[in-house]
Amino acid sequence: MVALSTVTFVLYMGAVFLIGVYGYYGTETFEDFALGGRGMKHWVVGLSAQASDMSMWLLVGLPATAFVTGLPAIWIGIGIIVGTAFNWYVLSKRLRRYSGLLGSITILDFLEERVRDNYGVIKFVGSISLVIFYSIATAGEFIGSGKVSNAVFGFDFFTGTLIGAGLVLVYTLVGGYLAVSYTDVLQSIVMLAAVLILPLIGFIGIGSVSAGLAALHSANGAAVSLFGSQSGLFAVVGFLSGTLGIGLGYPGQPHILVRYMSIDDHRNLRRSSLLGMVWVVFAVYGSIFLGWAAGAYLGDISNTDQIMPLLSMQLLPNWLVGVLIAGAFAGMMSTSDSKFLVATNAVAYNLYKRFVDEDASDRTITLVSRGALVVIIAAAVWMASPSGHVFNVILGGWGGIGASFGPLIIAALYWKRLTKLGAYAGMIVGMGTVAFWLALDVSSFYALVPAFIFSSVAIVVVSLLDDEPPEDVQDEFENAMDTSGLRVEDGHTGQTDVEVD
Amino acid sequence: MSLTALDLIVLWGPPVVIILFAIGYYMWWGKENEESRKPTCGGEA
């Protein structure tokens, strides 16, 4: 007899695919495909930005880390909330206005136009960074898929990763921005429910936060003080870099930033931000509390990435377990499809069409895009190892993308003096530092923090050594930043008329 | 075991502050220039 959890899981997946297909038929032009026609409603943008941000990491990786570390995990939550707030309140409106003025459809389009990069260096380096680091992050998602499937459905790890890969592949092929945004709204609601229901029931049984942490400490020795066992300045700074420092990745995530660019009117981002911030606060705290509650019910377990499915099987009715597991897969799918939408478009347009075949037909571009999707997913499956931890692997990819784009995005929106060479230097130094750091395996200090600093310094120093940007670029910057009364009109690029196959 | 005052501030302070800020931004601070930004010619997409 098929378990009720399997039935609810399959029903949920079916609903998601139907919504995706509905969204797909609303897609006609490339601008529709990549940016939802720049006409998305504020509530869709608010929820889909958060859903595309949070992944298996929220439901599997973060609870596992909270379970292992105890109270110090709260610093991670603070880092995420501050990073998300920075994106909504500091970047989103400017990015929407400026990218609309330039008629940019993707983040790489925007950066290229912003500094007039007629050599294609930004798109070339950026596309390489997207493919490498999104593959790494996706490997983390598939590790989660393998471990969760093993705990709930009894599949071996490799079969579980293939199930995850298959779901993501089909889901993304249905894709396009409208499909992704519509399904992300549903996914965001299910994810939030998943990370609220379980800790709520758990802590009702435990009684208080203190009692939960005490039970966790008894079970596995997790810390009950804010800095755990860290002592000495270097240790505390290293610890904070790996927790608060996660927030530094937010300004540089193209799959999140593109959501802000898709809204119908930049003034509506005020509404989206309220929705997005309330969502992220409850989701992140729910996730951390989930990990803290687990000690009282599960004791000390070795495979910490299985905390969420094991706890839900212990505390919830079978049918609801299926919904929560669907929530974890929802996180994986909603994030992966957003990343792949960005990365495969980058490969097809920025690498293939620009450097291989300038006259490539739409059909060829579509084939290249889908080929890139299969290659990235295959690489991620190959990298997914049962000994890996969802939290660490996804953060590796997060850091690489954050360092490649974050400082440059901030400079592009806030510094008129930014030049083309400065932009090149920032991207290459940011990406190179993370790659170097990962190769050296300096795990006591999160790679994103030094990479972000080095990239920022490179942007400033090289831009100042370079000639000032041309007059028209500086005038354009002033115009985009103008808040004196006249509204900025959206521009258009030739790409908006490209038909989607 | 019970959490110290500092633990409680670090635990609950940030979410309370950020949600209050989000509400304030939505209701007041985020509305800057909106009245003066009515379209004078054409309109935004």
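Residue numbering: from 1, along the chain as shown.
Each residue, glycine too, has its Cβ placed from N, Cα and C.
The annotation region 'Disordered' is assigned in TrEMBL to A:482-501.
The transmembrane segment feature in TrEMBL is assigned to A:7-25 (among others). Beyond the ends of the transmembrane segment (A:7-25), by six or more residues, the same chain brings 167, 170-171, 174-176, 178-183, 186-187, 190, 319-323, 325-326, 329-330, 333 to within a C-beta distance below 8 angstroms of the stretch.
Annotation source TrEMBL lists transmembrane segment at A:64-91 (among others).
Here the transmembrane segment (A:120-137) has long-range neighbours at 55, 107-108, 111-112, 254, 339-340, 342-343, 346-347, 350-351, 354-355, 372, 376, 379-380, 383, 393-394, 396-401, 404-405, 423-424, 427-428, 431, 434-435, meaning same-chain residues at least 6 beyond its ends whose C-beta is under 8 angstroms from one of its own. The transmembrane segment annotation in TrEMBL covers A:120-137 (among others).
Under the heading transmembrane segment, TrEMBL lists A:157-180 (among others).
Annotated transmembrane segment per TrEMBL: A:192-213 (among others), in sequence order.
The transmembrane segment annotation in TrEMBL covers A:233-252 (among others).
Feature annotation from TrEMBL assigns transmembrane segment to A:273-299 (among others). Sequence-distant contacts of the transmembrane segment (A:273-299) (same chain, at least 6 residues past either end, Cβ-Cβ under 8 Å): 42-43, 46-47, 49-50, 53-54, 58-59, 62-68, 70, 73-74, 76-77, 80-81, 84-85, 88-89, 92, 188, 191-192, 195-196, 198-200, 202-203, 205-206, 209, 211-213, 215-220, 222, 307-308, 310-311, 314-315.
Taken from TrEMBL, the feature transmembrane segment applies to A:319-352 (among others). With a cut-off of 8 Å between Cβ atoms, the residues of this chain six or more beyond the transmembrane segment (A:319-352) that come close are 3-9, 12-13, 16, 34, 48, 51-60, 106-108, 120, 123-124, 126-127, 130-131, 134, 137-138, 141-142, 144-145, 148, 152, 164, 167-168, 171-172, 175-177, 180, 183-184, 186-188, 190-191, 193-195, 197-198, 254-256, 258, 308-309, 312-313, 360, 365-366, 368-370, 372-373, 376-377, 495.
Here the transmembrane segment (A:364-384) has long-range neighbours at 131, 134-136, 138-143, 146, 161-162, 165, 168-169, 172-173, 340, 343-345, 347-349, 352-353, 357, 393, 500-501, meaning same-chain residues at least 6 beyond its ends whose C-beta is under 8 angstroms from one of its own. Marked as transmembrane segment by TrEMBL: A:364-384 (among others).
The transmembrane segment annotation in TrEMBL covers A:390-414 (among others). Outside the transmembrane segment (A:390-414) by six or more residues, the chain places 55-57, 60-62, 64-65, 91, 94-95, 98, 107, 110-111, 114-115, 125-126, 129-130, 132-141, 143-144, 147, 246, 248-254, 257, 305, 383, 422-423, 426-427, 430-431, 433-435, 438, 446-448, 451-452, 455-456, 459-460, 463 with a CB less than 8 A from a CB of the stretch.
With a threshold of 8 Å between CB atoms, the same-chain residues lying at least 6 positions outside the transmembrane segment (A:421-439) that come near it are 111, 114-115, 117, 121-122, 125-126, 128-129, 132-133, 252, 396, 399-400, 403-408, 411-412, 447-448, 450-452, 454-456, 458-464, 466. Residues or ranges marked as transmembrane segment in TrEMBL: A:421-439 (among others).
If you look up TrEMBL, you'll see A:445-465 (among others) marked as transmembrane segment.
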Maximum Cβ pairs under 8 Å to the transmembrane segment (A:64-91) - stretch from the list A:192-213, A:233-252, A:445-465: A:233-252
